[in-house]
Amino acid sequence: MRKKIVVGNWKMNKNVAEGVALASSILENLDGGKMACEVGIAPAYPVLSEVGRVIEGSDICLVAQNCHYEDEGAYTGEVSVRMLDSLGCSYIIVGHSERRQYFGETNRTVNLRLKKALEGGMRVILCIGETLEEREAGVTDAIVTAQVREGLADIEDLGNVVLAYEPVWAIGTGKTATPEQADAVHASIRATISDMYGEADAEDIRIQYGGSVKPSNAVELFGMPNIDGGLIGGASLKADDFVAIVNAAG
């Protein structure tokens, strides 16, 4: 059975003091970080180090929101996998829809980031998902399949890869895919993985759902057969809400 994974993506929220306070509250309310599911939190870059100190020794993973695909060099504003490793990160998110929408990331550059993260010994959360226009045009499966195939190009081992399906139209909007809608896309993603890697890998890979997950809908979403936890945005900024979502997965 796949172990569920819940990751709080803080995005560009919380300074150091606020991040430390939030992480401390999450840790306290999760009984010192002992959970039935896997849990991670992804602060902004400047907050990673201090939050890492808070959760050190617990089972909560430190997660980075992105990485560059080069080891070092003249890439102003970018952060390398080696730097993130030195801060204690164990997961890196790549391909989040906001990175694709606002910063021009493509399936190709997402694939480069994913490769570099895996080469650096990291586990990776690969984000995929369609816009409202694409869903209404009936091309959800085609878009998501292309993102999976191109994002995982030349990747032979999926052991350190988690997928996160995040319908762009449901992120931060209050709209949520119904559990049945989300599970149908997750099933389609598994079919793509089966075609690429075989049935065993398709059964083993974990696929999170992201998009306005909150305590009131988490139990139903996480109860679907193909949904293996969540990539949580806004609700991860309140300790009580995030802990309730974690408990829904446990």
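Placed from the backbone N, Cα and C atoms, the Cβ positions cover glycine too.
In Swiss-Prot, the substrate site is described by N9, W10, K11, S212, G233, G234, and among G32, G52, G57, G172 the residue recorded at this site is G172.
Taking the C-alpha positions, the distance from G234 (substrate binding site) to H96 (active site, electrophile) comes to 15 Å. Between the candidate binding-site residues, N9, S212, the densest Cβ environment within 10 Å is the one around N9. Shown are the binding-site residues G233, G234; of these, the residue with the fewest other Cβ atoms within 10 Å is G234. All protein chains shown were included, and the count of other CB atoms within 10 Å of the CB of E166 (active site, proton acceptor) stands at 27. Listed in chain order, the residues near the substrate site other than N9, W10, K11, G172, S212, G233, G234 are I171, I232, A235, S236, L237, each with its Cβ within 8 Å of the site Cβ centroid.
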